Amino acid sequence: MTTIRQRRVGKGTEVAEDQPSEEKNVKPDGKILSDHTGGKLWNILSVTVGGIVAISLGLLTSVYVATLHENDLWFSNIKEVEREISFRTECGLYYSYYKQMIQAASIQQGLHGLVYDNKTESVRTINILERMNVYQEVFLSILYRILPIQQYLEPVYFYIYTLFGLQAVYVIALYVTSWLLSGTWLSGLLAACWYITNRIDTTRVEFTIPLRENWALPFFAVQIAAITYLLRTHLQPVQERLTLTAIFIATFLFSLTWQFNQFMMLIQALALFILDCFDMVPTAKVTWLYIIQISGLLLVCVLQFFNSMILGSLLLSFNASVLIARIIQKNLKNGGLLNRLGKLVLHVLLVLCFTLLINKFIKKILNLESDEHIFKFLKAKFGFGATRDFDANLYLCEEAFGLLPLNTFSRLSDTLLFCIYVFVLFLMTVVAVIVAFRNLSGSNQVQLMEKMEECTITLKPDAAYNLIHTVLFGCLALSTMRMKYLWTSHMCVFASFGLCSTEIWKLTLKCIHLYTSRRTHVIKYSIPIITLLYISYKFWPGIMDELSELREFYDPDTVELMNWIKSNTPNTAVFAGSMQLLAGVKLCTGRTLTNHPHYEDKNLRERTKQIYQIYAKRSPEDVYRILRSFGTDYVILEDSICYERRHSRGCRLRDLLDIANGHIMDGLGENEPDLKPSLYPRFCEEIKKNLPSYTVHFTRVFQNKTFHVYKLAKHK
């Protein structure tokens, strides 16, 4: 087991940009007192200072997470094999392709090895560029080869520093989004500080560096910032075209670097659909965003050799359905309240039906089943029937795919983030409901709403988008803990925007009959500054303590295993075992695998279930036959899986296999009535007794406290 142990000694006030000012200091004759030249200079100064602060905070965040990574593992001091083992599970698999490209005789040979790969899945040749999102590793390896940096920087450092550098892009994008929404860079400063002080819940880049989301989320944040700017009013045509280009590039890069891009962008498309239905954003701009999503995803599809999972995505079907439904319902936004509501219900049903029909049709033509495990998981998770499906239960039993723990909110509340977020969210939701009702009411309700105008604020399109965005991604995070990083980072943006928003404070003060323009202006700046001082006072000492704590990587059993494999097995040997361990075997030794953690392929899922019979109650003859069918030469058994105690009964890997095989589970507790006792003992336990029925097929060639390696006999 991988552990971490203690290291041993000796080895100002800003002017809102592009926002209409609330009130102007005007003489009775209508002339503005402010000096326009002075105002422009002040704007330039404000933007310059805000930009410098944004870049500085981004760079500081990069240095911060890089230092934490170094202090946690003593990465600069440990051996190469230990560095590679520290890239756990799928992280190691992705990094192995970067290493493979670096070690290839030429770039062309490296690319050929990825397109015609026969080492990731034994007895199969697969296209890695089609199956996995590893173009970033390809690009980075080519960049490393052509830049004159080999003498000064090791490949692994070039890789991890790039990821840590992307954190600077991430923080700057969050900063800019908050600045655009509020009109003051003080809001961006607060958003960045919240992101850093809530690091446990906003990022995990320092210990899962190669994970796909760490590549993708910075580009997603840039896309959100660009969409926020696009939805502002009074943009010039040139500004609009440049912004659309930026959105397309960010969308493309986000889609290229993460296999779950289609699901995230589907939620984004749903947010745009809701806003468009209630007339909260310009329809023309929403249409462009739909087209950008489609074109970006299709371009990625081409680069991934027409990956069928992309073609069969719900996002493409949904966006196409919305555009088709618009053509059918040309007068969707005409009429009174009841008329509009009726048309809206019909429009939603039409889009839903078209989406399901188009998606079903595409999947039928392509015979697509790559993502069926996701829908099985969702069906079981939300209570639409129990399942014995091994793949669905594998996800259901992982904490990362469970509900968001309640202690998350207490941690976020310690920095005041969650409390302020809820306050801003409540006010903005009330305003959104009022604005939506007004937009749907049409001419019949205009006079009524004009009377209410004094107590309400206009919801700008950019704020409306970020409101719906945070609500939908909040629902996703609440239901699936692994997706919380999409929500908590945006939570920092949304809360800081609300705290620095003139409109929010104006509404609040009007509701308690204390509104004056001067009071609003004072509160808008004083409350964020007080919040920043509180955060600094409470969390700065903890950050300094964290940076001073020195530990080191310590996993001698895995290091011993990898060294043994490299020294005592042929380069062509095929290894079977758990997905997580085999990713490390490929990275550290270059041996061929039977299975791996990239689970988005039906054949691989079925193969993994078969390989995992080594932990089920099966006969040695059955297990031997299964392993040899995949060309296995060696099988690695892990005590941590065979005797697992991390999960409760019913969620241990051996329990999931027993249920899928129709066998009664081990231990005290209830079993479903149709489950039956197995005729055979558990393979991973019984093989260690060296009984003749096992030794005829399996010979133990290596063991330590954690791992047992058996060589398979080659019978005629």
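Easy rule for this one: first residue shown is 1, then count along the chain.
Including glycine, each Cβ sits where the backbone N, Cα and C put it.
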Quiz item: Can you say which of 143-160, 395-412, 485-502 is given as transmembrane segment in TrEMBL?
Solution: 485-502
Self-check item: Cβ-Cβ under 8 Å with the transmembrane segment (341-362): same-chain residues at least 6 beyond its ends
Solution: 273, 277, 311-312, 314, 316-318, 320-322, 324-325, 328-329, 331-332, 335, 368, 440
Exercise. Output the single range from 217-235, 462-479, 522-540 maximising the number of Cβ pairs under 8 Å to the transmembrane segment (264-281).
Key: 462-479
Quiz item: Taking 179-197, 217-235, 312-329, 485-502 as candidates, which has the most Cβ pairs under 8 Å with the transmembrane segment (462-479)?
Solution: 485-502
Quiz item: Between the stretches 179-197, 217-235, 312-329, 415-441, 485-502, which wins on the count of C-beta pairs under 8 angstroms to the transmembrane segment (522-540)?
Solution: 179-197
Self-check item: the transmembrane segment (217-235) and the transmembrane segment (485-502) contact flag, 3+ Cβ pairs under 8 angstroms
Solution: yes
Exercise. Among 242-258, 312-329, 485-502, point out the range having the most Cβ pairs under 8 angstroms from the transmembrane segment (179-197).
Key: 485-502
